[in-house]
């Protein structure tokens, strides 16, 4: 039984799911989905078949062709803390499809259910976040990026709500008894006050890109194939529409660089502030944190990254999470190429500078376990969420930039387009990429130590710090801070959030409380509306013992659930002793129900690690 993926029960000798037809009844009162899944395999199969599940109650399994007959199944009693529970089906000879009925748990790791008081619309809300290995908590599946699926989805929701999904919207209509295939009884499915939203995803995607949301959602059109959705009414929608007004132009830039956009639409959903990521690249419907709406179009930076995934990550996908750099390193490179065209070379270089500082910071984070500074780490038994970091993004970017510098941009552009067209709608591993690289760039292995880049720990000696006038100027100003010199108002007059972020990232960590407060008194960084700036400043302030910022830290941790902010703030508090550590535990005890389950688990692990 060869494993396909260290994070899945999928058996490499067996066919995998090729299509899923899903019917979901969203029970907001119980924070539960009552569901059915008609799964079609990539080839006929007989005997045992393993699927991934986590905290699912599986009610029945039956054949889907001819008169239905029960299929024997068993669910492992003891759930693995990382993998969940294997669902074993004993299929009749030459089975190609079968039907499962099941229910999710209120604690499903992919789902967050928000009650009306927790939303801006005063209506209930639910959204999914399946990356890295959480689709198995929504429906039984081969939850590995090696197994790409198409899917149909029916979402049965209260009529006052709207639903969206990372798929083509087919219709909004009355429920029909024939819809649900046993997900629940007819009376519940067709009850008054319910509506069905129907979706189809015809291009194959890995299960982690399955996504939906339902709530008081409205929208604004941005262009012929772009639209922004949001919960929170006209004010939020208008702000989002202004922030992302240039998205259609960005799509065109992406096509000019990387080839045709294969997903038809590029829509955006601004989620409630508990969303645990900056953005999630779900095809056709990118999920975004509201913290990217800054009022200065800077949020387009996050959108550029998620757009770039349309080619690198969604079209070509890492085969396992050990190959995650293939998704994120390529996408970080592609994002910066888009930014370079749309916002200029200086802005792209600034982006690279922030990334360079982030990569160096990860070396410190993983100094006691350098395995996770490799581009291809060994991750058996490790939850990907626990070691999520900037390494695959920034070291992956550095590797690709190193190749570009070696062969020249025109040749690298040709290589990149060839790579995308060759492997689109496929999942590949690092070894496949390296073979493709060596075949298409003969002799590259003699010019770059490929093994050192992929298997080596730390930052390779031929990685390069970015060069630009603004980057050097900001680093120089940061170096002067130690001696007590603050940047003048003229020097920062044109700074956006990114400039401040880079400045704060480059400040020495062993600073005095008086220096921190002096900086804040002049520039009010602790009150910034840009969370990148605010959190970077608070992270600097916490170790100095500046208790005057405890209120701002608490507000951040209670108002926003993005892990990019939770990790450094909880870590900074928990690494201290006394009052700071107590504050971290108190805030978490009061705020944990606000967090998405993924973020909650990460915060718990930080507090547990530091006692």
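Cβ coordinates are placed from backbone N, Cα and C, and glycine is handled just like the others.
Going by Swiss-Prot, these are the annotated features:
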type     : residues                                              : note
ACT_SITE : 306                                                   : active site, proton acceptor
ACT_SITE : 393                                                   : active site, proton donor
BINDING  : 129, 130, 131, 278, 279, 280, 281, 282, 562, 563, 564 : substrate binding site
BINDING  : 305, 309, 328                                         : Zn(2+) binding site
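Projection of Swiss-Prot feature records onto the structure.
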{"residue": "129", "record": "substrate binding site", "Cβ neighbours (10 Å)": "25"}
{"residue": "131", "record": "substrate binding site", "Cβ neighbours (10 Å)": "26"}
{"residue": "281", "record": "substrate binding site", "Cβ neighbours (10 Å)": "24"}
{"residue": "305", "record": "Zn(2+) binding site", "Cβ neighbours (10 Å)": "24"}
{"residue": "306", "record": "active site, proton acceptor", "Cβ neighbours (10 Å)": "24"}
{"residue": "309", "record": "Zn(2+) binding site", "Cβ neighbours (10 Å)": "24"}
{"residue": "328", "record": "Zn(2+) binding site", "Cβ neighbours (10 Å)": "23"}
{"residue": "393", "record": "active site, proton donor", "Cβ neighbours (10 Å)": "24"}
{"residue": "562", "record": "substrate binding site", "Cβ neighbours (10 Å)": "23"}
{"residue": "564", "record": "substrate binding site", "Cβ neighbours (10 Å)": "16"}
(request) Could you list the residues of the same chain, at least six apart in sequence, whose Cβ is under 8 A from the Cβ of residue 279 (substrate binding site)? (result) 286, 287, 288, 289, 292, 302, 303, 305, 306
(request) Fill in the CA-CA distance, residue 564 (substrate binding site) to the residue listed as 'active site, proton donor', as an integer in Å. (result) 14
(request) State the Cα to Cα distance, in Å, between residue 328 (Zn(2+) binding site) and the residue listed as 'active site, proton donor', rounded to an integer. (result) 5
(request) Whole-number Å only: compute the distance from the Cα of residue 131 (substrate binding site) to the Cα of residue 309 (Zn(2+) binding site). (result) 14
(request) Work out how many Å separate residue 129 (substrate binding site) and residue 309 (Zn(2+) binding site) at their Cα atoms, rounded off. (result) 16
(request) Do me a favour and check the Cα-Cα span between residue 309 (Zn(2+) binding site) and residue 281 (substrate binding site); whole Å is fine. (result) 6
(request) Kindly assign residue 281 (substrate binding site) to one of the three DSSP-derived states: helix, strand or coil. (result) coil
(message) When DSSP is mapped onto helix/strand/coil, what comes out for residue 393 (active site, proton donor)?
(response) helix
(request) Please classify the secondary structure at residue 564 (substrate binding site) using three-state DSSP. (result) helix
(request) Express the distance between the Cα positions of the residue listed as 'active site, proton donor' and residue 281 (substrate binding site) as a whole number of Å. (result) 14
(message) Restricting to the record's substrate-binding residues (129, 130, 131, 278, 279, 280, 281, 282, 562, 563, 564), give me the longest CA-CA distance in Å as a whole number.
(response) 19
